[in-house]
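What TrEMBL says about this one:
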ACT_SITE  Lys63  active site, charge relay system
ACT_SITE  Ser158  active site, charge relay system
ACT_SITE  Ser182  active site, acyl-ester intermediate
DOMAIN    14-132  domain 'Amidase'
DOMAIN    153-474  domain 'Amidase'
REGION    134-153  region 'Disordered'
Amino acid sequence: DLGQITPTELCQRCLSLIKKTKFLNAYITVSEEVALKQAEESEKRYKKGHSLGDLDGIPIAVKDNFSTSGIETTCASNMLKGYVPPYNATVVQKLLDQGALLMGKTNLDEFAMGSGSTDGIFGPVKNPWSYSKQYREKRKQNSHSENEDSNWLITGGSSGGSAAAVSAFTCFAALGSDTGGSTRNPAAHCGVVGLKPSYGLVSRHGLIPLVNSMDVPGILTRCVDDAATVLGVLAGHDPKDSTTIQDPVKPFTLPSLTDVSKLCIGIPKEYLTPELSSEVQSLWSKAANLFESEGAKVTEVSLPHTSYSIVCYHVLCTSEVASNMARFDGLEYGHRCDSDVSTEAMYAATRREGFNDVVRGRILSGNFFLLKENYENYFVKAQKVRRLIANDFVNVFNSGVDVLLTPTTLSEAVPYTEFIKEDNRTRSAQDDIFTQAVNMAGLPAVSVPVALSSQGLPIGLQFIGRAFCDQQLLIVAKWFEKQVQFPVIQLQELMDDCSSVFENEKLASVSLK
C-alpha cells in the first residue's frame, strides 16, 4: 500500500515516469497541463470528502483513435495530423465524469490496422519487457550479444501504446480498441490484462471507426479487478450509439470465486494449430489442468468453422474499412493536398499522401469485394460464414460450457527486427488467429497474463464468455489470475528509485487523500 497520497502527487509521479520512459514511444501526446488541472479538482473533492468513486484522481491513458475534445487525435496517420476534435468520445467523457486524470493519447498502428504497433507515423512502440530485469537476465544466460538497442521487442497491436503505458506504470488503466484482437494481443505481449467487452455493452461513439460491426472499446489494466472497475464505469446504453444495449447494466464488482467445481471450461480443438509455440501450448495445457485439479469440468469442444474465420474476417473487415475511410476526402477535416487540378485529383492526392500503404491496401481490397459483380460472391458469402462462426459459439455455450480457454497469441513478443520481415497482412492474419472470431461473434473475451517464457517474456491466455456475460467471464479470469500469481515487471534500472513505490500497484491499493 502506498499509504496516503494526493491525486496531484500521483499525477506528478506518473508524469515523471512518462518522461523517463519516453523512448518506449507509448504516447503520441502527453496532456500534462490537463492532467494536473484535473488532479487539482480531484484533490478539492477529496478534501471535502466528496470523491466521485473508484476512478477519482486515477491516471488513465487513451488510445489515439478516440476523440478527445481540445486534444489532438491523429490515429497515428498523416491524414489526421493536427486534427483536434470538438467533442469527447462517450467512453472518454464517462471516465472524466468519474474524476479520472487523462495523462495523454497513446500510440497505435495507423488507423488501428495492424498487430504490432509498428506502422503509425510516429514510429513503433517498444515493449517495456525489453528492458525488464527478467528478460535481460535470461539474455545474459543465453550469452546474447549486448547489442541491446537493436533487440527491443514489439508490444503487439494495434493498441500497443496503451498496453506499454499500463505495463510501464505510467497510468493505471488505458483505453484500447479491439476489432480483431487489438486490445488482447498487446495485453498478452506486455503482461497486462486486456478486456474486449461484449459488442453493444460499451459505446463506440467517438471511437474513429475501422469496422463498425466489430469494433469495441477495450480496457487495459494491471489486474482483473481494475478492468471490472473501469467496465462498470463505461458500460451502458448511449443514445449516440444505436448498437448499445437498452437494458440497465448490472454492477461489475467481482465476488471472489472460491469453488470452481460448478464450472465447465471448453477447450476448442481447432485452436491447437501447428504455428502455436510449444511454450504457449504447454501453458495452455497447464491452465486446463489447473481448472481440472480444482474440480472444474474441462471438456474439448469444436468450433468447426474456425478455419474459415481468417478469410471471412478479411473480406468483412476490408469492406467496412473501405466504406469508413471514404470520409477522409480532404474536404472537411484532416489533411488536404495542394493540388487544385480538379476535385478528383485533389481526392486522389490527399488520400495518397494521407494514408500509408496498409490502409490503402485494405481500401483497395474492400472496394474490390464490394464491386457489383463481386458483392454476392464475397461480401454476402462472408456475412453468411460469419453467422456460422457465431453459431459455433452459441452451440458450444448451449452445450453447457461456461467459458472457453484458448491462447491469446501464437508466441511471446518477438524482436522488432524479426517482426518487420513479414508484411502487415500476413502478420495480422497470423497474429489474430485466436482473437478474430470473438469480434465476428460479438462475444466478451479477456487476455490474462499467465507466466514468463524461458526468455523471461510474458505469455497470456484468453477466456471467452457468452454474450453479455462479461461479469461471469471476469469472475473466472480473476480466480485464474489469483492462482497463477504472474510476476511484476522489474524495471528498476529504467526507473531509478521511483518505481519501488509502484510495485504491485493496483487501483485498490491506492489510497488517495
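Cβ atoms are placed via backbone N, Cα and C, with glycine included.
Here the structure is a predicted model, which means the values were calculated and not measured.
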C-alpha spacing of Lys63 (active site, charge relay system) relative to Ser158 (active site, charge relay system), in angstrom: 9
The domain 'Amidase' (14-132): DSSP-derived helix, strand, coil residue counts: 45 helix, 19 strand, 55 coil
Least surrounded among the active-site residues, given as Lys63, Ser158, Ser182, when other CB atoms within 10 Å are counted: Lys63
Euclidean distance between Cα atoms of Ser182 (active site, acyl-ester intermediate) and Lys63 (active site, charge relay system), Å: 11
